[in-house]
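Now, the feature entries from TrEMBL:
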ACT_SITE  88  active site, proton donor
BINDING   22, 56, 57, 58, 80, 81, 82, 113  5-amino-6-(D-ribitylamino)uracil binding site
BINDING   85, 86, 127  (2S)-2-hydroxy-3-oxobutyl phosphate binding site
Ligand SMILES: Nc1c(NC[C@H](O)[C@H](O)[C@H](O)CO)[nH]c(=O)[nH]c1=O
Ligand SMILES: CC(=O)[C@@H](O)COP(=O)(O)O
């Protein structure tokens, strides 16, 4: 635990969570897992701020606004994109992932990717706290590791 949080000033670190409310039965569980993980590694409630957007497609816009504001030491994204009958799924997945990667590579602060992309709701639920773990929790831990890396490099 110390290794993850030892290389940045955890006591005043600010984390932003951008979550899509689409498939909210899934994404709300991702937020729960993320917040619990951040707390486990010592971040207080007032160090974590959750921002809601309608769907995954709106996540990059919110992340960019937060990066431009410059008040967070790390940002994580959470969502659940579930395949339907059309190619809408593919368009969302590819473009949201590309948008988040581009924002990440701005190199301001780390941005981690916690957006489930599944064939059906069952697969999503399994990755939101059931037998496949909680993608929100793992995305939060990855963010802390990247923030620690930033502290090591800077
Ligand atoms: N089908 C899913 C969506 N679709 C909505 C889009 O993300 C977007 O909000 C809309 O196109 C308006 O711009 N979003 C998800 O997060 N998950 C889905 O399965
Ligand atoms: C990922 C989506 O946008 C998808 O849920 C939409 O469903 P459909 O392709 O059947 O319109």
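For all residues, glycine too, the Cβ spot is worked out from N, Cα and C.
Given the structure is predicted, the values throughout are model-derived calculations rather than measurements.
What TrEMBL annotates, mapped onto the structure for a quick look.
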residue: 22; record: 5-amino-6-(D-ribitylamino)uracil binding site; DSSP class: coil
residue: 58; record: 5-amino-6-(D-ribitylamino)uracil binding site; DSSP class: helix
residue: 80; record: 5-amino-6-(D-ribitylamino)uracil binding site; DSSP class: strand
residue: 85; record: (2S)-2-hydroxy-3-oxobutyl phosphate binding site; DSSP class: coil
residue: 113; record: 5-amino-6-(D-ribitylamino)uracil binding site; DSSP class: strand
residue: 127; record: (2S)-2-hydroxy-3-oxobutyl phosphate binding site; DSSP class: coil
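A Cβ distance below 6 Å to any atom of ligand 2 is met, among the binding-site residues 56, 81, 85, 86, 113, by 81, 85, 86.
Here the candidates are the recorded positions 85, 86, 88, 127. The one whose C-alpha lies nearest to that of residue 56 (5-amino-6-(D-ribitylamino)uracil binding site) is 88. It is 10 Å from the Cα atom of residue 88 (active site, proton donor) to that of residue 81 (5-amino-6-(D-ribitylamino)uracil binding site). For residue 113 (5-amino-6-(D-ribitylamino)uracil binding site), the nearest of the binding-site residues by C-alpha distance turns out to be 127; the candidates were 85, 86, 127. Checking the binding-site residues 56, 85, 86, 113, 127 against ligand 1, the ones with a C-beta less than 6 Å from an atom of that molecule are 56.
The number of other CB atoms found within 10 A of the CB of residue 85 ((2S)-2-hydroxy-3-oxobutyl phosphate binding site), across every protein chain shown, is 6.
Of all the binding-site residues given, namely 56, 80, 81, 82, the one with the smallest number of surrounding CB atoms inside 10 A is 82. For residue 127 ((2S)-2-hydroxy-3-oxobutyl phosphate binding site), the number of other Cβ atoms no farther than 10 Å from its own Cβ, over all displayed protein chains, is 23. The Cβ of the residue listed as 'active site, proton donor' has 12 other Cβ atoms within 10 Å, all protein chains considered.
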